[in-house]
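Below: the structure, in structure tokens.
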Amino acid sequence: MNDIGLIGLAVMGQNLALNIVRNGYSVSVYNRTAEKTKKFIEERVKGEKITPYYDVQNFVKSLSRPRKIILMVKAGNPVDEIIQELLPYLQEGDLLIDAGNSHYNDTDRRLEKLSHKGILYLGMGVSGGEYGALHGPSIMPGGSLKAYQMVEEMLLKISAKTEDGPCCSYIGDGSAGHFVKMVHNGIEYAIMQSIAEIYDIMRKILGMKSNEIGLIFHQWNEGKLSSFLVEITYKIMQHIDEQTQKPLVELILDKAEQKGTGKWTAQAAFDLGIPTPSLNLAVVARALSHFKKEREILSNLFGEKNRIAGDRSLISDLEKSLELSMFSSFSQGLWLIHEASIAHNYKINLLEILRIWKGGCIIRAKMLDFIKDILKENPQNINLLFSEKAMNFIKDKIKSVIRVTELSRRSGIPTFLLNSTLDYIFSLTESHLPANLIQAQRDFFGAHTFERTDEEGIFHVEWQPLE
Ligand code: NDP
């Protein structure tokens, strides 16, 4: 009898299986396409206690009870299909763990359905890509505490470790784990977009070569910006294509793909009414990048842009701009998680989220210590801005972001993320927004009513008639 079952042997499943077995557990594996299973066993399993199965029934039979089965398959219908296949062989008290990037609504639906059959279910976010899956990811399990406790010991063992402990913590009830993983990805999109914009300014305004840009990112990675995404940017900039001997990044088509978690984050933010402009615009920027042909035609129609030549003093402004956009992306994401926790009764501990994001995951960053300090000072400060520490940090950076965005505006370089960082902060620190006019317009054409600043109540007036 094996301790754990794992279904889905693409990059994540293979590496996670190896990670689990190296931590002392025996694992049964199954993949829909048998060829992939065979290849995995032949090429990557070197005597570890991993047993391949080529049908679901024998796979399930091979597991000690209560059975614990990790699903690492493509999100969406495949998860339902595999659950359906498993169900005839499962018994009350068995546990299914969906470790893919499932939509949180799907997780709630599956939890509900399986609870009627006495099957326990965890919706578990896993971040860290294939390297993380093998060497220790950040793990975000949600569902019932009882279900979590059945696998807690193993999850703590296989997760990444930092000085603050294993990067795994029970996130909360229901779909809490998948919601938090989704927002993690939304923040990831935003940080990636801000890094890309800064790279664009370095090459277009400062005329820097990829190699030089890499060195700057390397330097930044030694300081306050130390993070996984800054580190890989440095490594990407240094990578030379064997065939052409050019930096590979310069040969990659500028169309960014997406699998959906960034979009879902924006949708959830709209549904909950939480402003996450940077997270939303990171999705917009990827969508826009897809219109390559149109961009080429329009760039000819528009004509040459007058690039302002910047000097190298801009580099420290770029560094501060990345710091502030990273900070504001975390601010927006945490606010969204907090609101979702109330709306869905997840009971999420934000400090724990920050702790487990410190290692293993794609958005791990030194800045999380600073953010944790701000939140520790006042746990009610859910978007981080309500603190002197945060305001001092913002004030120290904001002039740099203004300088950078002004220069990029004048040079015709789009900076969705950097602009949204400014607008997020400027809006939240503005006691008078022009929403009074919007309310008046709504009342004018739709009798939608408005509140007044000088009187309590709900009002509607007969505005001047249309001519
Ligand atoms: P993919 O998302 O590419 O999914 C491929 C796996 O799903 C294969 O094992 C495939 O089996 C299986 N599958 C697809 N359709 C079905 C089906 N109808 N029934 C049964 N199995 C099916 O693999 P990844 O390893 O990239 O990701 C796995 C999960 O982890 C996904 O939810 C993903 O979003 C998430 N994730 C991925 C990360 C990454 O860096 N790649 C990082 C974090 C999470 P077959 O071989 O038969 O086609």
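For all residues, glycine too, the Cβ spot is worked out from N, Cα and C.
Record note: TrEMBL gives G8, L9, A10, V11, M12, G13, N31, R32, T33, V73, K74, A75 as NADP(+)-binding, and the candidate from N23, N58, N101, N105 in that site is N101. Of the residues K68, K157, K259, TrEMBL puts just one in the substrate site with N101, S127, G128, G129, H184, N185, Y189, R286, R442, H448: K259.
By the rule that a residue counts when its Cβ sits under 6 Å from some atom of ligand 1, the recorded positions N101, K181, H184, E188, R286 yield N101. Within 10 Å of the Cβ of N31 (NADP(+) binding site) there are 24 other Cβ atoms, across all protein chains.
Rounded to a whole number, the C-alpha distance linking A10 (NADP(+) binding site) with G128 (substrate binding site) is 15 angstrom. Looking only at the binding-site residues G8, M12, T33, K74, N101, the one with its C-alpha closest to H184 (substrate binding site) is N101. Within 10 Å of the C-beta of H184 (substrate binding site) there are 24 other C-beta atoms, taking all protein chains into account. The record assigns G8, L9, A10, V11, M12, G13, N31, R32, T33, V73, K74, A75, N101 to the NADP(+) binding site, and the maximum Cα to Cα distance across that set is 20 Å. Under 8 Å, Cβ to Cβ, and six or more positions away along its own chain, M12 (NADP(+) binding site) finds M72, A99, G100, V126, E130, A133. Proximity note: of the listed recorded positions (G128, K181, Y189, H448), K181 have a CA within 10 Å of the CA of N101 (NADP(+) binding site), given in sequence order.
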